[in-house]
């Protein structure tokens, strides 16, 4: 009798496993297609809520396929095979987009780099290209490809994106979009997500963190030290070393972030964020100019010191403002979670509040000193400030 609970538990486990497996398999298997289209196998893809259905004839290397995905309203969907790699570049794609009358049509694209370019002939002969819109705006794309002796396991890439003014435009750059690729075994039906997109996403996140910490936090902190701490005589020359330390560390970290951005640009040919890139280059150039300007700083009593101070302060505040603007642009490009935007906004607000409080304190101290100096000056018989001043 003691074995009965174990047998019951094993039975329940197998029952639940069977039910869950059937439910998982039913997601794509329950699809019904128009025109009496039937496919031998299907797979729910791990990104973008898409699925692919196919019938593969190994003898003739013929692949009949249906790709289903939900694009942005009125947008496009694409699916293709990459015979030379695992990414977007080199993909032989089928793309369905709305035509002038609103109905969807399918065109073929031989993708070079990271842009679709113009429709044209691909490496596979195609036939039966068609598309339709199902419930919930889910687009279904059909076609038959002659694979020319390609093996059973293929590299597949899929994507969705918007249409603007009748033209297909750049897809989003979120995690799902960057990782919508993988392998598919046409015989066994096994599919797997490809690695690599995650690596690029990590580099983008690293780029963002480095620049947020450097241009967005360390440089503003260094500016606060320079403007406000030097008001306190007891903080001299500590304020100067704190200022220089923050700016040098911030610049070093910022250069790393800038270099990471250049590397990402080389990895993403055809994908250009012009405003973000140009602001980044400007910030880097001005930051480098500030570093070299330190070696040309005149002494306090030099006649050009005033002009150098005006230049140094103007360029410094420009770098901080442009850096913060570019950080928010970068967050929008990465489509970061709102919590990270909120965290950065809170950090900037804290620095701003500290600066505002210190600004008030500084003016109180300066006005008090001026009042005391005025009394000392008026009480001095020769009409000049004491030599000790």
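Cβ coordinates are placed from backbone N, Cα and C, and glycine is handled just like the others.
Listed in TrEMBL for this protein:
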- 207, 243, 276, 312: heme b binding site (BINDING)
- 48-161: domain 'DOMON' (DOMAIN)
- 167-367: domain 'Cytochrome b561' (DOMAIN)
- 1-26: signal peptide (SIGNAL)
- 208-226: transmembrane segment (TRANSMEM)
- 238-259: transmembrane segment (TRANSMEM)
- 279-296: transmembrane segment (TRANSMEM)
- 317-336: transmembrane segment (TRANSMEM)
- 342-366: transmembrane segment (TRANSMEM)
* Asked: When the domain 'DOMON' (48-161) is classified with DSSP, how many of its residues are helical, how many are strand and how many are coil?
  -> 3 helix, 63 strand, 48 coil
* Asked: Short question: which residues 6 or more past the ends of the transmembrane segment (238-259) have a Cβ under 8 Å from it?
  -> 206-211, 213-215, 217-219, 221-223, 225-226, 229-230, 232, 280, 283-284, 287-288, 290-291, 294, 323
* Asked: Out of 207, 243, 276, 312, which of the binding-site residues has the smallest number of neighbouring Cβ atoms within 10 Å?
  -> 312
* Pairwise Cα distance maximum in Å, heme b-binding residues per record: 207, 243, 276, 312 -> 27
